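Summarising the annotation, Swiss-Prot assigns ATP binding site to G238, P239, F240, G241, A242, G243, K244, T245.
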Amino acid sequence: MEARGKVVGVIGNLVTIEIVGTVSMNEIVFIKTGGRSLKAEIIRIRDGEVDAQVFEMTKGIAVGDDIEFTDKLLTVELGPGLLSQVYDGLQNPLSELAAQCGFFLERGLYLSALDRSKKWSFNATAKVGDIVVAGDYLGFVVEGTIKHKIMVPFYRKDSYKIVEIVSDGNYTVDDKIAVIENDAGGRHVITMSFHWPVKVPITSYKDRLIPSEPMVTQTRIIDTFFPVAKGGTFCIPGPFGAGKTVLQQVTSRNADVDVVIIAACGERAGEVVETLKEFPELIDPRTGKSLMDRTCIICNTSSMPVAAREASVYTAITIGEYYRQMGLDILLLADSTSRWAQAMREMSGRLEEIPGEEAFPAYLESVIASFYERAGIVVLNDGNVGSVTVGGSVSPAGGNFEEPVTQATLKVVGAFHGLTRERSDARKFPAINPLESWSKYRGVVESEKTGYARSFLAKGNEINQMMKVVGEEGISIGDFLVYLKSELLDACYLQQNSFDSVDTAVSPERQNYMFDILYDILQSDFKFENKLEARSFVNELRQNILDMNLNPFKEEKFNKLENTLKDLVRSKKLDF
């Protein structure tokens, strides 16, 4: 029986609907009001009534308004043309919305995610008679710098035989590419695009692997001390202004991945505008073209309706999984998951659910876990490997890492890059705290060496705290030297200049080379007459290494500075 319904109550963006017939959880409905149809999603079903969250402002919705049921879940359209686009959480292209509406978006306006008129040069790789299943490749088109594979839609569960496939040529996303037939004789037309529900993970692959290969970000403190694996997860919690967004932008520019997807969910409009302005101007170091050519941005600012924040996170991860199915490495950056959690708290309050800690819903942990679990590295049907690496920034109030969203995130991620106000105020960027952060993954430098260096940093911090109480005079010259060496490691290796053309991106080879130099200094014993001499010597070392960081690796000036450094170390080193 086809469902019918009418509005019986409105609280904020939660609408209560009286229904006749059957409906399903998470079904999309349209509320007819004032000549417009507003999109909403059913989030609770009760006897004879359902509650739906509206993805638009609910102004004007009245008791008695009619409801149109779609019998479909919230979906995204997948196909060539997603890259270099900027979408809202419902996959409306913002550039086209702006062209139609101007600065202020109209309610009830939903546009096609893909350009229906653009023709793509299709190259067939399958042939008539081939047996295919969901996720198998039929051909490819060139999208920017990648080969965009045209696949059998993931919702096709049977084994099919190709009975017709077009010759190489130019086609739109709606043109027929192939016809497949199942064992029962049922035929299906394949086009370049299809829809997939955002809350359902894509599972058209052979096997799931344990992440092990490092995703090189070319940021020293991450790759060496707190690495992220391809297909792994990491979080970047930190207070406002600590550099979360800049760190994510640097990572997206230099990371060893094929496609970057940015979900700006609930960030301040100014920050989102900054991202939208800067990204087209950023040059991809690998191709020399705009970084936008391999980037897709899903943005929902804090001024947009809260329900669309949740949609934007799921839309982004689904697009990421789609490109993973092509054997590509994907990096998804969610900024910030705290705003998404706040949207859940708002809806939970309106549903009158029993609140958990700080009024967040009791199921907060399981929802956050289900999002991060969609990251991973998989073996595809053809034996190739694809990965989705997920990094979420968290904005805890006052930088308090004990709050529920940060704690729920820490339980499921593989690396924790904790930014602190203390380091950002001291202008130590990236402001990742080396004593609080951690990672479960393998890095580009041997773990024994990094473990030794971290213990050195901890000792240096203890001595620094002691010096704040008793002063420099109250500690031995040996302890003072440990403190100076830890400061040297911090200044020359943990800190990095994102605005310098050389220091912004450091290759794994260079990281190993520079770390070995510093490791040797940490392990060496030096002889000094007094603390002033020790400080002067370490400052000289620091300036020399900082100059090396700003010069191209193993070129003439770099080699000259290295020789000077070796002579300096040799002059004060104790021989045994």
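Yeah, the Cβs are placed from backbone N, Cα and C, and that goes for glycine too.
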For A242 (ATP binding site): intrachain residues, at least 6 apart, with Cβ closer than 8 Å: G399, L419, T420, R421, R423, S424, A431
Beyond the site residues G238, P239, F240, G241, A242, G243, K244, T245: chain residues whose C-beta lies within 8 Å of the centroid, for ATP: S395, L419, S424, A431
Nonlocal neighbours by CB distance (under 8 Å) for K244 (ATP binding site), same chain, sequence gap 6 or more: I236, G238, D335, S336, S393, S395, L419
Other CB atoms within 10 A, centred on G241 (ATP binding site): 12
Candidate with the highest Cβ count within 10 Å, taken from the binding-site residues G238, P239, G243: G238
Reduced DSSP assignment, K244 (ATP binding site): helix
Sparsest-packed of the listed binding-site residues (F240, T245) - C-beta count within 10 angstroms: F240
